[in-house]
Amino acid sequence: MEHVHLAAEEDDLYSGYNDYNPTFDSEELDNDAGFQQAVRTSHGRRPPMTAKFPGTAIGGRALGTSFGSRMPMASSMGRPMTGAVQDGAARPMTAVRAAGYSSAMTRGSTFDPLGQSKGPAPPLEGKSEDTPDEKVKILEKKVNDLIEESCLAHGHGDLQLSLDRAKEAGRKERALVRQREQSGNADHINLDLTYSVLFNLATQYANNDMYAEALNTYQVIVKNKMFSNAGRLKVNMANIHFKQKNYPKAIKLYRMALDQISNSHKEMRIKIMQNIGVVFIRMGQYSDAITSFEHIMSESPNIKTGFNLILCYYAIGDRERMKKAFQKLICVPLGIDEEDKYIPPNDDTHANLVIEAIKNDKLHQMERERKALAEKFIMTSAKLIAPAIEATFAAGFDWCVDMVKSSQYVELANDLEINKAITYLRQRDFKQAVETLKTFEKKDSRVKSAAATNLSFLYFLEKDYDQADRYADLAMTADRYNPAALINKGNTVFVKKDYEKAAEFYKEALRNDSSCTEALYNLGLTYKRLGRLEESLDCFLKLHAILRNSAQVMWQLANLFEMLEDPHQAIEWLMQLITVTPTDPQVLAKLGELYDSEGDKSQAFQYYQESFRYFPSNIDVIEWLGAYYIDTQFCEKAIQYFERATLIQPTQVKWQLMVASCYRRSGNYQKALETYKDIHRKFPENIECLRFLVRLCTDMGMKEVQDYATKLKKVEKMKEIREQRVKSAREGSARGTRREGSASSEVDIKAVSHPEPKHSPLLDQGRDSGHSSHGTSAKGERLSAKMRALPGSNEPYEASSQRDIDASYVDPLGAPMERPKTAAKKRNEDDDFADEELGDDLLPE
């Protein structure tokens, strides 16, 4: 009892239960100045308080916590106080512990509910690559990478590498399937990956023209029912059969693919039907093709299908349906914006910047290409059907022009009119062509310039240079930046031999259009005429960089190097030229001439022989080959060449004399005698023939020797009389002019120089009037020397001397030695200026 403490009557045991610490009053935090300061500043980061709490509503009692030492309280002390503790005494434990607090915490420890003071977490454990799932994932990644590499290689044009990567992807994919089967996951095969591998492999087979392998791979995909929409790949299979020209099989596969594609995929069905129509055209089944194209034009019309439909109607000759199809073609919507959209307004700076940015973007380029393609198809269709839809092609063109004027392609009407004039040209109706073009003189500047350009070109071809110059000026007035007009103006100045002025016009044309090859070619010719060979060479080298396979350019380069006395470079360019035109006889003859000038007889003989094989009527080549065989002591082989020359030039006695000389040198005297007799019947006043007849008859003991001797003396006497008359006429001439000895029937054969071999017009555009071809004259001297290699008239025919008559005989009638035309005539810029190159194409720029 002594420990029992009785409560005083004035103490209330339940006092303080309704009191609370205002610190936990969250409703009044907005008005708490200390809390607001802690939120805005670092005031709230102070160390935890260990002193007594500030006073509260309880009065002088402190808030009891679990910090500090705990002292046992005797039960006799009565009910412990929960509202406050005495100084230095700890608050007794209660049955419920506050969340986030621990009784093990000592006074002064920091608040760390996330455990950040324990340091960083340990690193994650690495996954083992030995597990089956990891192996499968690694293989799948390798397969995807190989497919991507294959596609990229195909994009770069490396078809073999793309095929190799596709094959390797196929091997990796099969290894992946085996790996899944071994791990017991055969049900989880990645079908999308398998489809991608097979489809890419089939595509790369087709790109490498391995059609059988591609078809087998596509067949594997199509037969597998697990692949959805695999039937569409029959279109690819049909494309391969089309390339193999197996048209029935292609149509069958196209139709099978069409059956497996639903009507919701309208665009794809249209494309397949278009392919079917094209295959029918290849097979010549135009009625079936028309059925497909008409269906397309009724469902989804497009330019290509409309053009193909017109072709089919043209093939079967249906005029009315051609007209209807043309009307449908010009009504097909292109789906592009108007050009007015790209005209910038003057007041809106932002809009100007936007239009400047989109003026030449990919979309606008695609629109221009689509419009250009449509105009091309319409123009081609009009030119095709115009002669067929009406009684005359002019009426047909007029109908097409009227239809085009009422459509969205109004600007094509003028181009059709110009094409009408060009059609007149093809029909050799120059008068109608000129009249048609003259109708454009009062139209807008673009059409007027194009018509005037073509008129200038026509008059230039007709060698009416005044009219050509007039219309060239008119074209330049209408459009000063028209390169074709400038070229035609330069041509008219060129033929007047004002080369400096012509060069200025060609340069201006190049400034307006740097890709104008006609201007560059003509500028090179002009520099060549002016003797500025280095500048001419520079022009043709630039032109060769643009036109890599132009035979004319290569010939000009070879000729320039020959003029610059660099025969090795000339031979190099001619060797390149014969890779482009391997059967050109003049190029081969020129190579033979250059090798002959270099002293390489074997190479010269080879190229002359090839030239003769392709064109056996070139006198220069025949003459060189005959002289070559005489020089090498094979007179029997030379006979065939001189006989051919006799057929080409029957009025030239020298070829027949060479035939007789070859028979005589080869020991066939009887044949030689017969040949000389035949020559005497054709040319009875030929002195050389009579001399050889006298000698042969004398040596062979024939009775005709006296007759031939009498004739020889008579002819020689007549020759002396004529020479005296000519000499007297020259001496008595007051003007002192020299007359040509055309009245003489015979000229001293050894005194006649060998005529310079003419350059063939084939590709020979390199000789200028002021340029003497030393190589050509040297060739003539050599040939004359060779033909004088037979025994002379004052020596016995058995002599071993290498001298004989000169074959350069002059016909008594004074007829010049004519040269036959070559089989393929090309331009010579000295005689016939390169008008086709100088004049622009008949189509307007």
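In case you wondered, yes, glycine gets a Cβ from its N, Cα and C as well.
Within the listed segments 39-58, 359-378, TrEMBL records region 'Disordered' for the stretch 39-58.
Confidence in the repeat 'TPR' (619-652), given as mean pLDDT, stands at 89. With helix defined as DSSP H, G or I and strand as E or B, the repeat 'TPR' (270-303) counts 29 helix, 0 strand, 5 coil. Secondary structure counts, DSSP: the repeat 'TPR' (619-652) has 27 helix, 0 strand, 7 coil. Summarised by DSSP class, the composition of the repeat 'TPR' (517-550) is 27 helix, 0 strand, 7 coil.
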